[in-house]
């Protein structure tokens, strides 16, 4: 069996889909479905079982067995960069991850987990997986950074696979439940379909991020599991592209609309990453050599998925 925590969420459900595409359906999805809308992410997928996150954590902490586990993909976390309840964030993203990590180490189960580019904070260059480049801007980034630091202490002695992925700006199918935290591409598409002008912040041709398609993210996860490589790796495309490029690809797909530029909100000043670009040196050195979709390629594929019933 394979366990995917956060399996009803955005990246988790895409990992479940990637496993299904390989004929793997003996999957336990762990999640919190208090937000019942997330069920739609699993409707077209095949899994063996579902368990609530709290029940799962109780069983993990009690050392209970789940049969033969081939791997745990740990995508379950609070991923809101605007959540400032530090206790909630540390319980969810740090303590929970530590419990799972030790459970896996004791049983030599491969443990693949979600880290984040938020560990780098507000820097505009040198997004490199090393302590001197890491200075998170919010408690979410700090929770991810601290777990990476914890993993670094353990990696040299570990007898089983531990791999963390620092996700950059992930977008693509199955993120609709994320609301305001969903990608720009998702919001632009919704605005167009509602007959509104799609909106970007003023200066969006100058705001550049490493936008990575979720299908590529799932592919990297599975490749590392299949190849048993350990470490902490950036997971982006290695190419920064502008928010304007995302909008251009969205408008090109819809063949209509024009962008309305809105003032940059004061509350985001100083807390907004103006530029991100993954350094893929370590990822490539580890052996992953497949190309990543450009914004034009990924957004076009995503638009086709979002508008498949139109």
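Using the three backbone atoms N, Cα and C, a Cβ is placed for every residue, glycine included.
Under the heading NADP(+) binding site, Swiss-Prot lists 10-11, 31-32, 38, 53, 75-79, 92, 144, 170, 178. Residues or ranges marked as active site, proton acceptor by Swiss-Prot on the basis of sequence analysis: 140, 178. Sequence annotations record features per position, and here Swiss-Prot assigns substrate binding site to 169, 180, 187, 201, 202, 203, 204, 209, 272.
Recorded features from Swiss-Prot, shown on the structure.
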| residue | record | DSSP class |
| --- | --- | --- |
| 10 | NADP(+) binding site | helix |
| 31 | NADP(+) binding site | strand |
| 75 | NADP(+) binding site | coil |
| 140 | active site, proton acceptor | helix |
| 169 | substrate binding site | strand |
| 187 | substrate binding site | helix |
| 202 | substrate binding site | coil |
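The secondary structure of residue 272 (substrate binding site), as reduced to three states from DSSP, is coil rather than helix or strand.
Binding-site extent for substrate: residues 169, 180, 187, 201, 202, 203, 204, 209, 272, maximum pairwise Cα distance 20 Å (rounded to the nearest whole number). In this chain, no residue six or more apart from residue 272 (substrate binding site) has a CB-CB distance below 8 Å. Taking only the Cα positions, the spacing between residue 144 (NADP(+) binding site) and residue 169 (substrate binding site) is 15 angstrom.
In this structure, the CA atom of residue 169 (substrate binding site) is 14 Å away from the CA atom of residue 178 (NADP(+) binding site). Neighbours of residue 79 (NADP(+) binding site) among the binding-site residues 187, 202, 204, defined as a Cα within 10 Å of its Cα, are absent: none qualifies. Residue 140 (active site, proton acceptor) and residue 77 (NADP(+) binding site) are 10 Å apart (CA-CA, integer value).
Of all the binding-site residues listed (38, 144, 178, 187), 144 sits in the most crowded Cβ setting, with the most other Cβ atoms within 10 Å.
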